[in-house]
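The transmembrane segment annotation in TrEMBL covers 7-26, 38-57, 69-92, 104-122, 129-145, 151-168, 180-199, 211-231, 238-259, 271-291.
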Amino acid sequence: MNTTIGVTLNVIASFLFAAMFAYTSLLTNLDGEEIFGWRMLLTFPCLTLFIITRGYWSQVVNIYHRLTKSIIFIVTRLFSAAMLSFQLWLFVWAPGNGHGLSVSLGYFIMPLTMVLIGKIAFQDRMTGYQKVACFFAFLGILYQIGFSESLAWPTLAVGLGYPVYFWLRRKTDTNNIGSLWVDMVLSLPISVIFIFAGGEITSDIWVNIDTLWLVIGLGVLSASALTFQALSGPHLNLTLFGLLVYVEPALLLLVALILGEEIKASEWPTYLAIWFSVFLLIVEGINSLCVKRKFRKEKLRTSRYQK
């Protein structure tokens, strides 16, 4: 495990995802559904190549065998694919439709929601930091609902939807990259339908060659981001990976502001409360890393002394 390489790869992945978030605003000739379709179609071959070359194909085979034996498992896979497709569609649709900030806020809320789901569904133990963080996040959301009587639906879709998706993966013992591949396979038919229904490129590929190059660029960004993120995993422990989760929403927030969106005065209390919650989780993660590093040093010192 090389932590430096892991952090570098993960941060690069976050920057690439943020770049893709901004890049979609260039595809003005395409609607969100067509952008989503092209992203899925162009990313899938790269994901397939990665899984085969890195030795993860056995995960796909295992899921296939389970699909042949259980109708319930088939239903869970279809539901999982639908949830993932919706999230990936929302990611490319939001920036060009004035919901970039809402999506970034959802990504800030998501880790906090996952802590609560872990506690409720799997009886995971919540630390003091996590309890206080969830409390402040709850206050921020409660304020927003009380002030505007609503919370933007993209925020709820990401903040609640993604945790349910990860809960299902954990519940069905499919929390691996092989299940991601299966979800994408199941999503490909609707992706192709969206591409041909939009017809911006397929209607006359030579007339729309400039748009085609932009779409290819989207595919390169998407595949590169996914690859860098996957490569970072083996080099990161769970605590450090959890800390790096917050890099992407911070970059998405910056992109949304650059694209012209603004945080309204009435929304600042919600953002500040959630950012404070995130800050508490970051502090907890840093403390955990320091304790583990100190323990390793003491263990090494003790072993040398015994020799």
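Cβ coordinates are placed from backbone N, Cα and C, and glycine is handled just like the others.
No curator has checked TrEMBL annotations; they are predicted automatically.
Of the two recorded stretches, the transmembrane segment (38-57) does not lie close to the transmembrane segment (151-168), with fewer than three CB pairs under 8 Å once pairs fewer than 6 apart in sequence are set aside.
Three or more CB pairs closer than 8 A are found between the transmembrane segment (69-92) and the transmembrane segment (151-168), so contact between the two stretches is assigned (pairs 6 or more residues apart). At the 8 Å Cβ cutoff, the transmembrane segment (271-291) and the transmembrane segment (7-26) share fewer than 3 close pairs (sequence separation 6 or more) and do not count as touching. Within its own chain, the transmembrane segment (104-122) is flanked in space by residues 130, 133-134, 137, 141, 152, 154-160, 162-164, 166-167, 170-171, 242, 245-246, 248-249, 252-253, 255-256, 270-271, 274-275, 277-278, 281, which lie at least six positions past its ends and keep a Cβ under 8 Å from the stretch. Contact count against the transmembrane segment (211-231) (Cβ pairs under 8 Å) is highest for 7-26, out of 7-26, 129-145, 151-168, 238-259. The stretch from 7-26, 129-145, 238-259 with the most CB pairs below 8 A to the transmembrane segment (151-168) is 129-145.
Residues 35, 91-96, 100, 214, 217-218, 221-222, 224-226, 228-229, 231-232, 235-236, 240-241, 244, 247-248, 251-252, 254-255, 258-259 of the same chain lie 6+ residues outside the transmembrane segment (7-26) yet bring a C-beta within less than 8 angstroms of a C-beta in it.
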